[in-house]
Amino acid sequence: MAVQLVPDSALGLLMMTEGRRCQVHLLDDRKLELLVQPKLLAKELLDLVASHFNLKEKEYFGIAFTDETGHLNWLQLDRRVLEHDFPKKSGPVVLYFCVRFYIESISYLKDNATIELFFLNAKSCIYKELIDVDSEVVFELASYILQEAKGDFSSNEVVRSDLKKLPALPTQALKEHPSLAYCEDRVIEHYKKLNGQTRGQAIVNYMSIVESLPTYGVHYYAVKDKQGIPWWLGLSYKGIFQYDYHDKVKPRKIFQWRQLENLYFREKKFSVEVHDPRRASVTRRTFGHSGIAVHTWYACPALIKSIWAMAISQHQFYLDRKQSKSKIHAARSLSEIAIDLTETGTLKTSKLANMGSKGKIISGSSGSLLSSGSQESDSSQSAKKDMLAALKSRQEALEETLRQRLEELKKLCLREAELTGKLPVEYPLDPGEEPPIVRRRIGTAFKLDEQKILPKGEEAELERLEREFAIQSQITEAARRLASDPNVSKKLKKQRKTSYLNALKKLQEIENAINENRIKSGKKPTQRASLIIDDGNIASEDSSLSDALVLEDEDSQVTSTISPLHSPHKGLPPRPPSHNRPPPPQSLEGLRQMHYHRNDYDKSPIKPKMWSESSLDEPYEKVKKRSSHSHSSSHKRFPSTGSCAEAGGGSNSLQNSPIRGLPHWNSQSSMPSTPDLRVRSPHYVHSTRSVDISPTRLHSLALHFRHRSSSLESQGKLLGSENDTGSPDFYTPRTRSSNGSDPMDDCSSCTSHSSSEHYYPAQMNANYSTLAEDSPSKARQRQRQRQRAAGALGSASSGSMPNLAARGGAGGAGGAGGGVYLHSQSQPSSQYRIKEYPLYIEGGATPVVVRSLESDQEGHYSVKAQFKTSNSYTAGGLFKESWRGGGGDEGDTGRLTPSRSQILRTPSLGREGAHDKGAGRAAVSDELRQWYQRSTASHKEHSRLSHTSSTSSDSGSQYSTSSQSTFVAHSRVTRMPQMCKATSAALPQSQRSSTPSSEIGATPPSSPHHILTWQTGEATENSPILDGSESPPHQSTDE
């Protein structure tokens, strides 16, 4: 690539072989003369011209030329310059450097040089009448041109002479107003209003008016339709528009790029395919979709080809902007742009000052097009950059100082608001920011009578005590206010309550001393401190020395006759009936007794209205048995209500208990009762979750839960609810084992929803709902966390059923209950083919465009980007593939129900079940049948073993638990034949197919009482965690 100067008398043949002279007209009316070599690309020529202005944003500009037919064409950047259809006449080829692609506003442009070139291009288009503008708008724009070039108004004569030199008034405006003086007067009238505006402001205001014109940024081409009616075809980055030949302002038809399918040209015909759902399929002459409408225009072949090339480039520019919207910088404000343009000066002054006057040809040599004054301009530019950097750093420092002052003002306003209870109006708020909610601080200030405070010489002892009493009473009142504040933390509330009690105690001591002196002097004692104490009793938690919580709303249910304990503080009266609890104990024994007094009843976290099958609140309204009850009742199989009441020390009576008429649940389990399984549909039956916990981990967890007095597992689990006769009759809502797979457990999941997993929820029964909204209390949340921990441990050690779930990835499938997590190896595409809108590739670096321009006679361009989508990921393909395994099985028609306690992450289960569906079902059915036979044969052995354990407190409690669990298993074993069949049919296909052969072949112990020992390797008597292992025979399958 080389640029050389040649004389004007060069031969035509020499031009074709060695190069051709070209003259580039710049936007500032200068001309750049070059010798273009045959191998020079149009893109390289554009780079050379752009470097003359130090232009960085070259994507908006292009180089145009006029062909032999007089139509304007553009150089295609990927082709060589001399390959274009230039006129064959001798002389240099005239090229025009101008804007090709327009945008909404100049605020999106980064460089000031680009903005100034857009301004020069707009002036040129208006002057050459490429943009239709009303004459009044022309006069206003001419005034801005004068303000930008000449500054403020000086005189009418100067303005009239300047208007003759500047390209301000187009010929069309002069035709509409034949009087030149009238046009000049109108311009002067607007010009006088612009006094004081800087050059940058004039440019910004000029561009704002031009950008609001409907014809700005549209390339117009004269075409005809099939009937020969002339039209204007407008092309821009927004789409293709059809205008009436006598009206370029209002389009008659609009075709946006997102609605277009293909662009064709063939000789004199240019066609577009548009999505039109209202169009009938018979109007489509070729094969394809039915909602496609074809629009065709006609012109000469050269113009048709030019229109087609411009349409392709505009669509590619549209795609580039659409795909790079995330990379587009934030728009600058117009005021900031005006300041920058004023400081940097004119473009021609900074770049072309040494090039000579306007109209002079700029010649280049040795391939360099930079002017001789470029070094000086570069040095000035570096100095300006340094100055701007210094100003920017100063601005940042001032902004930081302002931010600090605003923070200080906010703190002062908040302190004032805490004192007054109202936020001051001076509080600084950002746009759209809500004022903060301020809580008024508890006032503790007080004022005393000076006569009582100031001593008067030798004061008597009684006067001194009266003065101290007056001060201490005010201090006590202030401490009471602080202790009554409900918006502080629990720890701070305890500290304030302690301070309040100490103040009361000191006040009582002072009054006692006063009464002693009054009695000595023969006066009557007073009771002022007692009255203050009676009025100052505050409602607060009694668990200041214990972490076990009981909610305040449970007080209405406590009807036991607890004898009030006297307060250790002197002078404190007994609590009113609404606070019928003992105060914080001062000894360890008192703390232990208080724990069982306070936890008399636990309220169910489940609202009764959500359960229509049975009242599930009844198992929660139970009596907490004391630890001594475990020793006294270990020899009983099922302790009666009376024994339980006696174990409570006689302080609690159950005659008025809310559970008087119900079966007496003496269990520590807080799991809700199970509705009768005979009225539930088969698809709610689930298999046992397999949780891999090592024996060492189980032992450590067992020791941990053994020492927690409030834990579920430390008290054992008594699942029986029969009378003293031992009849196997059960209450209708039978209990479940809290093994963590209960779908009615609380809704918290032990795993989080990952972005790479897809959860397909199941169709839930109307009687089952989540419990998140029902129990917002922190106490109940902690209680449910302990239940979940116990449930997870119980499920790990649960041995009432053989482990039917595969370990590892699919091991948790059985425990997932309902709802399946599908971990997709490749995420489905987020794009979908929509009927009315084409599909574009958003993430690609460049738009995918199919172009077939092989000759000068015809061409085809696909507007819609080609995009192939896998069948598995289109319009629900992933859903169909996931659930394909259960399509042919009647038992699989029901959806899976999600487990509410612990959902394990599993791979896609539907695909596994599609291979060996029959074998998996048969294996599960056979395993269930073998387990049922072993359980039936060994039942009598469990009953015998349940009466031979030790009578110690620890082993006695465990023995009672195991014997009751054995009894429950025997009482429900009569329903096992039906449940085996229902379970086999209702198990999801994915769970049946995931049974490993190794676990099917393994033979677990026949005794459900020793399954925990078989799984964990621990002795049953050494592990108090038994609530999840002794479950009913069908428990593992229906949960």
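Each residue, glycine too, has its Cβ placed from N, Cα and C.
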Of the residues SER271, SER326, SER872, the one that Swiss-Prot lists under phosphoserine: SER872
Phosphoserine according to Swiss-Prot, picked from SER161, SER366, SER800: SER800
From SER290, SER530, SER862, the one Swiss-Prot labels phosphoserine: SER530
Beyond the flanks of the coiled coil (382-416) by at least 6 residues, Cβ under 8 Å: 343-344, 423-424, 426-428, 436, 438
